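J.: Here it is, the structure, as structure tokens.
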């Protein structure tokens, strides 16, 4: 595949992530902070999001497995996940977190467990899609091209 095709593929792929609601304008703002002085800024920030999310999802799983669930603690973890997903523009993860927090407030175990599965699913999808996009960007850079905005 030649460079122009790769660049076109990247633009189409990124556009689809916005149209499908995986990303919002916050991701665009993150990209605008990247420059030649810090060319890996977006990948670094998103990688931190991945690490933080994995930790929070594990904490949520443990908290919801307890005999006596501490809903304030669960809510604090969900609030953190909502904030970090919002900061990188992971819109679908953020939306599930909003519903999750409502179930925490109601102390609805079933609703919380359902939302945990949903948030895991949405997180897994956005992680796979962002990793694919980063690989495509790397291919373009390796071929001597620049990343189209």
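Every residue, even glycine, has its Cβ placed from backbone N, Cα and C.
Note that the coordinates shown come from a computational prediction; the quantities given were computed from them, not determined experimentally.
Pulled from TrEMBL, these are the listed features:
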DOMAIN    38-143  domain 'HPt'
MOD_RES   79  phosphohistidine
J.: Could you tell me the mean pLDDT the prediction assigns to the domain 'HPt' (38-143)?
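T.: So the average pLDDT across the domain 'HPt' (38-143) works out to 97.
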J.: Around the Cβ of residue 79 (phosphohistidine), how many other Cβ atoms lie within 10 Å? Please give the count over every shown protein chain.
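T.: So the Cβ neighbour count for residue 79 (phosphohistidine) comes to 15.
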J.: Give me the DSSP three-state residue breakdown of the domain 'HPt' (38-143), ordered helix, strand, coil.
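T.: Split into helix, strand and coil, the domain 'HPt' (38-143) gives 93 helix, 2 strand, 11 coil.
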